[in-house]
Amino acid sequence: MALDFLAGCAGGVAGVLVGHPFDTVKVRLQVQSVEKPQYRGTLHCFQSIIKQESVLGLYKGLGSPLMGLTFINALVFGVQGNTLRALGRDTPLNQFLAGAAAGAIQCVICCPMELAKTRLQLQDAGPARTYRGSLHCLAQIYRREGVRGVNRGMASTLLRETPSFGVYFLAYDVLTRALGCEPGDRLLVPKLLLAGGTSGILSWLSTYPVDVVKSRLQADGLRGAPRYDGFVDCVRQSYRAEGWRVFTRGLASTLLRAFPVNAATFATVTVVLTYARGPEPRPDGEAVPAAPAAPSGSGLAQPSSL
């Protein structure tokens, strides 16, 4: 368990550092006004942030996913591994169920972490900024809105993370088997990168519309009066104002982010575990590669991203 924990942290840090700029772009595209859009698309958003805020602007809110990384990976590895053992057999269905259980449990940390990240990514630069960092952001929200405010977007986070983690672990398991990812293979790392990156893309595609709603709910009230009464109201208002395409906003930057982030995360964790302790036994006695990491994302990190 200690080795799982350390490997997960290493993979998660790699994923967050690679993917956070894409996540910043995704969030800004998701929540910008349709009447007066600030950005024309993914590339224009990247260029605008760098021009107006420097490269560091792309890393706004980085402290939040890094701060929650240790706890999220500990929860995910513990829950996923124990659930798979409790189910008794390493089957595709059980991989999905174990991943879904891990995704649901880690929302306790993921939701407040992503709330702080979103608020920091959207605040103005310079002296006008409202929050000094992730902890200050959460403290301010708690002071104004209590526990409910800190957990804003929890329902949408659960709806996103539970199935997406299931898809994530299932896809990685299927792909590593199909590609023949075995210790000692000279192409092991490229295969792990391909499997991890593809799994991340599939995971995000499975629940991306829910992520749009989550971002809007967590950003609601940051600039002006709150607009939404809850998840369903946000879906209704967003669809009425912008049509179905609103639920794909920021998808390009998310998928651009998903492949390298999850490739880095899975490859780092699997290589560390594989060479540190060798193959793990399956519940039915057959050896398999060591367990994979969780999405970053957040950061997922998201599906994130996750």
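Yeah, the Cβs are placed from backbone N, Cα and C, and that goes for glycine too.
Database features (TrEMBL):
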type	residues	note
COMPBIAS	289-306	compositional bias 'Low complexity'
REGION	280-306	region 'Disordered'
REPEAT	2-86	repeat 'Solcar'
REPEAT	90-178	repeat 'Solcar'
REPEAT	185-275	repeat 'Solcar'
Helix-strand-coil residue split for the repeat 'Solcar' (185-275), DSSP-based: 74 helix, 0 strand, 17 coil
Confidence summary for the repeat 'Solcar' (90-178), mean pLDDT rounded: 90
Structural state census, the repeat 'Solcar' (90-178) (DSSP three-state): 75 helix, 0 strand, 14 coil
